[in-house]
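Step one of this worksheet: look at the structure below.
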Amino acid sequence: GFSMSIYNVTSRSIYLRWPKFSGASSYRVTATAVNTVGHSLLAHFSDVTLKGTLTSLIPNTIYAIQAEAIDKNGIILAETQIMQSTAPDIPVIDQAYSKLSNSITVEWKAVPGATSYLLTAQHGDSFIETVVTNSPGTVTGLKPATLYRITIRSINAGGKSQPSPFRRAKTVLAAPILSVSSPSCDSIAVSWKAVYMAAGFSVSLMRSDGLGRMLKENTTNTSLIFANLDPGTLYTIKAYAWNVNGIPGDDFTYNQRTSPNAPVDVQVAFNSGALRAIVSWMPTEGALTYSVTASSGLLKLKCNTSSASCMVPSLQCSSEYYVSVTAYNDAGSSKPTDAVSLKTIPCAPVNISIEEDEPGHLVVSWSSVNFGHYYVVFVKSDDGLEVHCNTSHTQCHFQSDCGFTYFISVFAYNKAGQSPLGDVFNYSTAPCCPSDFRAVLVASDTLEVTWAPVRGAETYGTRARGGSGVVLCNDTATACTLSALQCDTRYDVAVYSFSEARGSNTSCASKYVATAPCSPEIKNISKEALSAISVHWQSNNEEATYIVTARGEAGLWHCASSGNSCTLINLPCGSAFSVSAIARSPAGQSLPSYSVPLETAPCCPNDLIVTQVTQSVTNISWSAGMGAQTYITTLESPNGQAKCHTLQNYCLLGCITCGTNYTVSLKAISETGLTSSCTYQGYSSSACCPSGVKLYRLGNNGIRVYWRASDETINYNTDLHGSKGNFTCTPSSGLSHCDITEIPCGDVYTAVVSPVTDKGPKITFCPKKIYS
């Protein structure tokens with residue numbers, strides 16, 4: 001728990017300290033030189049002393065130092081040991097002097113064992129120290145023209161020696177700080193601030209390349225000018241101050257180049273396409289850079305370069321620039337060269353107007369342009385054809401065609417070249433008119449107009465003016481259908497072309513087209529004869545022929561008239577027709593009128609057969625009559641009539657009187673009640689059957705038949721029918737009996753007495769008698 005430390009070392013002393021040790025009444029310190037025989041040092045310290053100094057030691061020597069804590073009985077309570085070297089011996093300054101205003105150089109003899117040295121410069125309370133390794137050494141950071149006390153201490157690993165005896169040394173004057181400029185191309189001006197303790201100044205100047213002679217000036221002023229120098233040449237300037245003793249101070253060296261001479265042979269080449277100028281000149285001595293200035297009024301354009309040419313961009317058209325070149329180096333600038341005039345190309349003409357004062361003639365006009373000597377107008381149509389006009393005025397005339405878009409550009413010219421491209425205007429002439437359009441009436445109120453496409457047209461407008469209004473149709477197609485036109489009307493039809501740029505070309509020619517006649521309206525249909533029908537209509541057309549058509553399953557029937565009625569003849573009976581009328585004119589045909597139904601009377605049956613069924617009943621049959629639904633059959637005589645109404649084509653009529661002549665008539669009636677009266681050949685009913693027929697036997701194989709005749713003029717037949725044979729007997733005229741002989745016996749016979757007819761079948765309806 002006992003230790004010792006060293007807090008300072010000099011060439012002959014070592015400074016120790018230790019902590020208080022419990023029970024110790026004194027401390028004993030022994031220092032023994034390690035490499036030197038017989039040299040040791042012993043020191044005693046009381047218990048209240050906790051640090052001590054060992055003196056009279058050998059410089060630059062390693063000592064083994066032992067410290068012991070001893071109680072009051074002389075017993076060593078604790079001990080500790082360390083190794084420590086003394087510092088080298090104190091050096092001795094041979095000389096101290098100043099060559100620079102901020103430093104002092106010190107010379108001394110080397111001290112054995114020293115690894116470095118500590119130089120100290122003291123001025124008042126200010127100390128500046130520098131560690132160096134050997135002699136000479138320089139302490140820096142000092143003030144100019146200031147007296148310092150200089151000491152030196154040697155250093156090794158053990159510590160520092162005591163300071164050497166001091167020497168006094170004064171720093172030299174500070175160098176004047178030069179401000180140098182070249183006010184002209186053949187002069188250099190030098191100035192500086194006053195230097196502390198300076199009595200005068202010396203300034204010299206010489207070309208840096210060593211050519212020529214050196215110029216030197218001594219002065220007590222703080223400025224001077226060197227004249228008659230070479231332009232653009234680098235000079236080296238050296239200056240220093242001296243004190244009253246003539247001792248020079250620090251010098252200050254400065255390299256300064258004289259400003260260059262102005263360039264010569266300035267050339268300006270103008271690039272009209274890019275609106276820029278290439279400026280060139282002969283290089284001038286000592287110039288590092290050049291600046292080109294192009295001035296036009298308040299506008300200044302600059303271009304900087306290190307070569308002998310420069311491009312000035314962004315020139316403005318229709319302007320006059322004054323171009324000058326100035327050379328520069330680190331000293332300044334030359335005088336500008338004499339200005340060279342540059343006139344640029346004219347600006348593109350503005351306020352361009354294009355007018356078509358009459359179809360086919362374009363007038364292009366514009367505002368005059370500064371520096372524009374003449375103008376060229378280019379007009380290119382969209383089919384690639386280009387024409388131009390060269391003029392010194394501000395207007396040009398061109399021929400134009402319909403339906404073209406013309407691209408128009410105007411250029412101004414002068415000696416510098418052509419103006420930039422300005423706005424390119426496009427002017428579209430009115431689209432061409434559709435020529436030879438075709439108008440076809442596709443319906444009585446519909447007109448189809450077609451035409452070939454025309455140049456420049458984007459859409460087309462078709463107009464039909466007539467009647468009580470105007471019908472319009474707009475479309476991009478080359479066809480248009482005008483509907484809902486008034487019938488029997490003359491229309492003025494025109495087709496216009498349209499473009500978005502120019503609008504509608506309303507100068508197109510028109511043509512007149514008449515619409516078809518109006519449809520007639522059938523007012524009445526009347527029957528003039530059996531097969532003739534008169535049709536009446538309302539006529540509302542100026543000039544038209546009307547055609548009436550009856551259309552039915554039986555076929556077509558026509559009649560025509562230019563008036564308001566006509567008659568259809570030879571219409572078949574029993575037929576249904578749809579009757580309509582149309583009107584025709586050179587313009588076309590109207591729509592048919594509304595149809596009116598027509599029904600002809602039913603046909604009379606071609607065949608009618610009357611058959612007597614009984615003495616008082618007659619059957620009448622007939623063939624079907626076209627168009628008939630029901631029939632009324634009538635047998636009429638002076639004695640009365642028999643009538644039958646039926647849906648069939650036969651009828652039974654009773655209450656017929658035998659032996660009577662009848663007229664036969666028939667009415668055919670249609671579904672709608674139309675009637676046809678039909679008359680046929682008369683009919684005579686058969687003679688009356690005899691009455692009171694009686695049979696008498698004439699032996700086993702004969703029979704006599706008696707009757708009572710209804711009329712003495714009627715002849716009768718007697719018919720006998722049996723299983724073994726049939727027998728007939730016809731008596732002489734006027735007799736009322738008849739004998740039938742040689743008939744087989746043992747048979748049952750049926751006997752009938754009936755009137756004899758001249759024609760037709762035998763009467764079978766007279767009463768029969770059975771005979772066995």
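The backbone N, Cα and C atoms fix where each Cβ goes, and this holds for glycine too.
Unlike curated records, TrEMBL annotations are generated automatically.
Now, the feature entries from TrEMBL:
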DOMAIN    87-174  domain 'Fibronectin type-III'
DOMAIN    175-261  domain 'Fibronectin type-III'
DOMAIN    262-347  domain 'Fibronectin type-III'
DOMAIN    348-432  domain 'Fibronectin type-III'
DOMAIN    516-603  domain 'Fibronectin type-III'
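Summarised by DSSP class, the composition of the domain 'Fibronectin type-III' (87-174) is 0 helix, 47 strand, 41 coil. Confidence across the domain 'Fibronectin type-III' (87-174), taken as the mean pLDDT and rounded to a whole number, stands at 94. Under DSSP, the residues of the domain 'Fibronectin type-III' (516-603) split into helix, strand and coil as follows: 0 helix, 51 strand, 37 coil. Secondary structure of the domain 'Fibronectin type-III' (348-432), assigned with DSSP and counted as helix (H, G, I), strand (E, B) and coil, comes to 0 helix, 46 strand, 39 coil.
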